[in-house]
């Protein structure tokens with residue numbers, strides 16, 4: 001009898017030497033700390049977002065030099081960022097799966113090294129194919145390993161202030177875009193595109209220390225061991241949940257129109273008669289409105305005055321309507337005009353789109369529970385990439401067929417409105433027929449929007465009924 005006990009202790013000791021991500025920290029807290037080290041994680045996620053999406057958005061400044069050096073067209077060089085974005089978003093579930101199995105910390109640190117190597121490799125490119133492989137495939141794969149694990153880890157640290165923390169992290173995109181764009185232009189003018197890519201590789205390597213700050217956090221409700229099967233590791237079982245399936249379909253449709261202004265807002269302003277500086281101002285005010293709204297919406301959404309699914313549907317609809325206005329508003333004046341009507345429409349669009357962004361990730365823990373938030377974040381990124389890859393090409397096709405971007409923005413706004421309409425099927429997206437009495441502090445480890453077990457057992461509608469069908 002003593003021998004099996006000693007064997008069991010050795011087995012337990014071995015398990016503690018190689019802890020799973022969910023059990024790596026002791027003692028286990030009662031719930032998300034809603035602060036403390038969580039703000040350090042928020043700062044790390046802010047930098048990770050900026051060094052991935054912010055850098056990707058600024059990379060286009062180097063494309064004219066690349067096109068001239070390799071004697072290729074602008075369309076050929078545009079595939080560099082298209083491939084990087086496609087790989088980054090489509091492979092995000094892989095980053096989430098690795099994070100679920102090994103923890104976010106090592107996965108993000110490895111992703112930072114891969115992204116940095118992609119820039120270093122591209123600095124010695126002899127053809128455009130080398131840039132496709134270096135920046136598109138290698139750097140894109142590195143970015144796929146950093147964003148979803150970082151944002152998922154951040155969501156685990158917060159409950160009451162979760163949307164604010166996510167909004168703070170997502171502002172890294174805009175802030176780093178404003179900082180990196182002039183810095184990259186200075187590097188290109190001083191060192192050429194090869195030297196600029198080498199220095200960008202050094203800058204991107206800062207993703208690795210940011211990943212080191214993502215300390216694992218064990219929470220009640222975490223599984224005792226990470227999933228073993230590939231399907232479970234990727235989180236594909238989440239699609240069997242009705243609420244997440246509704247959210248996934250709506251998000252894929254929204255993604256079809258959400259990224260069109262990123263690509264075609266400036267050309268649309270030029271088509272409307274504005275000059276280069278006027279078009280740049282339109283893009284700038286939309287970006288500033290987007291960044292500011294992410295923080296403000298996150299702060300207000302955390303007050304709990306309105307359920308997050310309802311805010312998601314409302315601000316998604318406002319974003320679609322904003323794109324309609326951007327597409328229809330005329331510009332008064334010529335190239336020397338600042339285009340007041342289009343500026344106002346761009347500000348309205350930026351405010352609504354910025355308010356929508358943190359809600360997409362802030363609502364996830366309520367839909368899938370805190371234990372599945374990392375996997376769900378990766379799946380959401382993949383779904384948005386599907387729409388993002390189809391939306392801009394469709395917008396360009398409509399521009400070629402009609403001669404301007406009016407139809408492009410109308411179709412993009414319609415896609416976002418369709419996705420927002422689907423969000424109405426989420427729990428608590430519509431006002432309840434009767435008086436609602438949600439708990440003051442919802443159980444984040446379960447998901448406050450998931451049906452309570454006792455309600456499912458007692459509901460006359462059967463096991464598929466939820467608290468939202470009591471009316």
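Placement of Cβ uses the backbone N, Cα and C atoms for every residue, glycine included.
Unlike curated records, TrEMBL annotations are generated automatically.
Now, the feature entries from TrEMBL:
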COMPBIAS  1-13  compositional bias 'Basic residues'
COMPBIAS  19-28  compositional bias 'Low complexity'
DOMAIN    38-431  domain 'Major facilitator superfamily (MFS) profile'
REGION    1-31  region 'Disordered'
TRANSMEM  36-56  transmembrane segment
TRANSMEM  107-126  transmembrane segment
TRANSMEM  132-151  transmembrane segment
TRANSMEM  163-184  transmembrane segment
TRANSMEM  196-219  transmembrane segment
TRANSMEM  274-296  transmembrane segment
TRANSMEM  308-332  transmembrane segment
TRANSMEM  338-357  transmembrane segment
TRANSMEM  364-385  transmembrane segment
TRANSMEM  405-426  transmembrane segment
Other parts of the chain folded back onto the transmembrane segment (132-151), taken as Cβ under 8 Å at six or more residues beyond its ends: 41, 44-45, 48-49, 52-53, 56, 59, 79-96, 98-99, 104, 107-108, 110-119, 121-122, 125, 166, 169, 204, 207, 210-211, 214, 361, 374, 377-378, 381
Dominant neighbour of the transmembrane segment (36-56) in 107-126, 163-184, 196-219, 338-357, by Cβ pairs under 8 Å: 163-184
Can you find at least 3 Cβ pairs under 8 Å between the transmembrane segment (196-219) and the transmembrane segment (107-126), where each pair is 6 or more residues apart in sequence? yes
The transmembrane segment (274-296) touching the transmembrane segment (163-184) per 3+ Cβ pairs under 8 Å rule: yes
Over the domain 'Major facilitator superfamily (MFS) profile' (38-431), what does the predicted model average in pLDDT? 85
